[in-house]
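Lifted from TrEMBL, the feature list:
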- B:380-449: domain 'Iron dependent repressor metal binding and dimerisation' (DOMAIN)
- B:423-451: region 'Disordered' (REGION)
- B:26-47: transmembrane segment (TRANSMEM)
- B:54-73: transmembrane segment (TRANSMEM)
- B:79-99: transmembrane segment (TRANSMEM)
- B:111-130: transmembrane segment (TRANSMEM)
- B:163-182: transmembrane segment (TRANSMEM)
- B:207-235: transmembrane segment (TRANSMEM)
- B:247-272: transmembrane segment (TRANSMEM)
- B:284-302: transmembrane segment (TRANSMEM)
Amino acid sequence: MLNPPERNDDANLPTAARDDGTGAEVPLSVYDLTVAYHRKPVIWDVGFDLPAGQLIGIVGPNGAGKSTLLKAVMDLIPRASGRVRVFGDTYRENRHRVGYVPQRESVDWQFPVSALDVVAMGLYDQIGWCRPVRKKHREQARDALGRVGIGDLADRQISQLSGGQQQRTFLARALVQDADLYLMDEPFAAVDAATERAIVEILRDLKERGKTAAVIHHDLQTVPEYFDHVVLLNMRVVAQGPVSQTFTQDNLQKTYGGRLTLLDEVTEAMRRRESSL
Amino acid sequence: MTGEPLVAWIGQMLPLGFSWSWGLDGWIVVIGSLAAVASSLLGNFLVLRKMSMLGDAITHAVLPGIAVAFLLTQTRSSPAMFVGAVIVGLLTAVFTEWIRGAGGVDEGASMGVVFTSLFALGLVILVQTADAVDLDPNCVLYGSIELTPLDTVSVGGRDVPRAAVVLAVVTVVNALFVLLFFKELRLTSFDPALATTMGFSSKWMHYGLMILVSVTAVACFESVGSILVVAMFIVPAAAAYMLTDRLGVMIAISVALAIVSAVLGHVLALSVPAWMGYRSTTTSGMIAVAAGGLFFAAATLGPRHGVLVKLVRRQLLSLRILCDDIVASLFRGEELEQPPPTATWLAGELFASNWSMKTALAMLRRRGEVADQDDRLQLTHVGRERGQRLVRSHRLWEQYLVDRAGSGAERIHDQAERFEHFTDRNLRDELAKETDTPVEDPHGRPIPDES
């Protein structure tokens, strides 16, 4: 059950990294990624390639480092080591092609903006510095709200939306970004059944248009139904691949079964040693 | 000043009851307004970013910057003072971040450490030099807005108070900042992570805001003092937040409130002590008091968060529920073919107070839902339809709770009693569908059709 901290199997060796630059079409390639908070690793030696044009579930227990992984990919938090390639280049170079859907709880929903304002934020990059949001942008945002099924709520202040409607607003904002790779942090968390169906619908639509979406997901029951590919994460990549082969009882047991307590112990010892110096 | 006749006319028209000199009081109001507007423009974003305390910290912490710059240059108007303040202001923001990150202390504590240390350092320097130079620690802390019209510079051949010129420049700069970066400020304040992924660095917006807060604090400190400037940053913006749910409107309201508080503050400073037989009091203090009063009014009367509005809304809701209960109760009585009840009997049955029963009945009579027959209450046709809808909702809910939610039959009445008031046609149709269109509720009573 307990795995040593060093890289342990082929699953962790991404092809793009091996073939040195031939993976230009790989939407996201992560190699040897380690992120630490206060010297304590949150994810350790993570590596994978995401297949283009598929829906990918990122699955793992609480504290497995799923959100941290997405944030580290987008340079939102510093990496201790490792390399990230987005469509064959650095994230910085290709950030226009990446759409991010943060966790719903990450923002203040009392903020004085309407749903339409929030969706229009997805266009700010395109609008550019110091230029105002124009009518055509608002029309685009209104369309996107229509696509997620809440076009009639465009002018509501966001605290007056239900949880599901707030999540849809976030998705509409990602849609107007018109990215090629979407990174979504728990879009299915605490939403009603209708919203869940709507999100699945949107994901499938994205796939149909050749987009790739990596989605942090909690509900194991629905993984085979919603996703083509799965990355099982618990501090490191336990397994990854097509759902049919990877999403097995055995792999789930490895992912959820035991915390890597020896790893915790050694890092704790390291921390104590170093802080006493 | 221009338009002397006009000014004289306004002076006559205003029944102020105290002496008012436009050359002096006029400028005080202008300077107070400029300080309040410049501050509250930025204050909106301090409030929304939940950084009000950092604004507080910076306005205090700029003191050593001012003191050192003053020591070096020996003048009060020098740009060196702004430079010194900006450096220390930024250091406050950086130190706060740093102590929080490195020390694992929470933000409030690390801010408390940084700004009190810097403020104290500034005070020490100031007191040491106060004898040697013309800078009074009291003025720095509380401001001396009453004296600002005396220190003038020549602008286009006219003598204008130096403070008014400085504050006008700062106000224009802040207004341009908010206008030009409105979109960026909105995004980085609402969702800093997304902003950063889009290349609008929320860190740089943060420090840009902090620079302007420092500059504004210095520009204001001479007039209103480094303590009261905090009120100008936060209070109008916080009040505006209670009054609207649109960012642009919030900023506009905060500016209006800032001006009102400045004017009101000076008028109060002149008039209130006079009523009590004293000479006038400090204007900057009164501006802060006026702003506080406006905030209190906004908190009480605001349409979204206002206490009064909430109270009225709650009263209206409970009145509507009582109306529902009366109608439903009359409907059930008719169903059982009981004689129509009196108002007093019904009030006792529904645990309603005399007053609320009277109000509810008045409402029902006006809407033509209940009619009087001698001293008995009877449903009209319209009222019967409303009762039918309510009873249908109630019994459908009971059926649903037993059928689908697995509740015990003895506990469902109270829940259905609550839900029936919030159930519309759509929800009733859904309920009927979910429970296979029942004709009887779990107690065996008939579920009436949709009226």
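Backbone N, Cα and C define each Cβ position, glycine as well.
Since this is a predicted model, take the numbers as computed values, not measurements.
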The transmembrane segment (B:207-235) and the transmembrane segment (B:54-73) contact flag, 3+ Cβ pairs under 8 angstroms: yes
Sequence-remote partners of the transmembrane segment (B:163-182) [C-beta within less than 8 Å, at least six residues beyond its ends]: 27, 30-31, 34-35, 37-38, 41-42, 44, 77, 145, 148, 151, 153, 155, 205, 208, 212, 215-216, 219-220, 222-223, 248, 251
Best-contacting stretch, by C-beta pairs under 8 Å, relative to the transmembrane segment (B:26-47) and drawn from B:54-73, B:79-99, B:111-130, B:247-272: B:247-272
Long-range Cβ neighbours of the transmembrane segment (B:79-99) (under 8 Å; 6 or more residues past either end): 54, 57-58, 61-66, 68-70, 72-73, 105, 107, 110-111, 113-115, 118, 206-207, 210-211, 213-215, 217-219
For the domain 'Iron dependent repressor metal binding and dimerisation' (B:380-449), residues assigned helix / strand / coil by DSSP: 44 helix, 2 strand, 24 coil
